[in-house]
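Features as listed in Swiss-Prot:
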type	residues	note
BINDING	I8, C9, T10, G11, E12, Y13, N93, A94, V95, H115, P116, G117, Y118	substrate binding site
ACT_SITE	E185	active site, nucleophile
Amino acid sequence: MVINIFYICTGEYKRFFDKFYLSCEDKFIPEFGKKYYVFTDSDRIYFSKYLNVEVINVEKNCWPLNTLLRFSYFLKVIDKLQTNSYTFFFNANAVIVKEIPFSTFMESDLIGVIHPGYKNRISILYPWERRKNATCYLGYLKKGIYYQGCFNGGKTASFKRLIQICNMMTMADLKKNLIAKVHDESYLNYYYYYNKPLLLSELYSWPEKYGENKDAKIIMRDKERESWYGNIKK
């Protein structure tokens, strides 16, 4: 079985890829080979040294479309993946620092990571989309988990369904000139509210800026340390 990896790196985010790739090859589900689908506006030659990387060219958009449109990117390739495989998305700044075996996911259709910034907060304080005219609206009386958008996926058939629905909702809102509060993460949280995934702890998305955590399995590198990052959201 091949494990499919979705990775978006438009613009300067390509600088993160080498370190992510090497860590993923070494520590993420090492029992199986991996195929990487890299969505980028960079030249293909930048990734040509890796034989298991397929480059999918996408247009570089301004913030927040460069993250909001991720579901439409994924639809470009999802149909050609084997339905009995597994597919996972990682943020560009992810680095796997401890081995994560296949047994972590094998019994689950989908996985979701609790957002470390909202782990101990009550639901009314979550940045769920509260506007009633948004397709991803979740009211203040709802209770649940707030998921981080940096690492998700699962069985390819289940992940495909998530992608299709979240893309449909995203496009419906864009037609109304409505941008969800936390962009793609708002749609992910809506979907997971009604389709509960296997919940992974914050150790699977530990922010580097929170300081060292010897138990962390995946580190999210501090993008703000990069000199180019200040221009991303302009």
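Using the three backbone atoms N, Cα and C, a Cβ is placed for every residue, glycine included.
Feature map: annotations from Swiss-Prot on the structure.
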residue: I8; record: substrate binding site; Cβ within 10 Å: 21
residue: T10; record: substrate binding site; Cβ within 10 Å: 19
residue: E12; record: substrate binding site; Cβ within 10 Å: 16
residue: N93; record: substrate binding site; Cβ within 10 Å: 21
residue: V95; record: substrate binding site; Cβ within 10 Å: 18
residue: P116; record: substrate binding site; Cβ within 10 Å: 19
residue: Y118; record: substrate binding site; Cβ within 10 Å: 17
residue: E185; record: active site, nucleophile; Cβ within 10 Å: 23
*Hey, what's the widest CA-to-CA gap across I8, C9, T10, G11, E12, Y13, N93, A94, V95, H115, P116, G117, Y118, the substrate contacts in the record, in Å?*
29
*Using C-alpha atoms only, work out the spacing between P116 (substrate binding site) and E185 (active site, nucleophile) and round it to an integer in Å.*
14
*Alpha-carbon distance [E185 (active site, nucleophile); E12 (substrate binding site)] in Å*: 21
*How long is the line from the C-alpha of Y118 (substrate binding site) to the C-alpha of E185 (active site, nucleophile), rounded to the nearest angstrom?*
13
*Going by DSSP, is N93 (substrate binding site) part of a helix, a strand, or coil?*
coil
*Let me know the DSSP-derived helix, strand or coil state of T10 (substrate binding site), please.*
coil
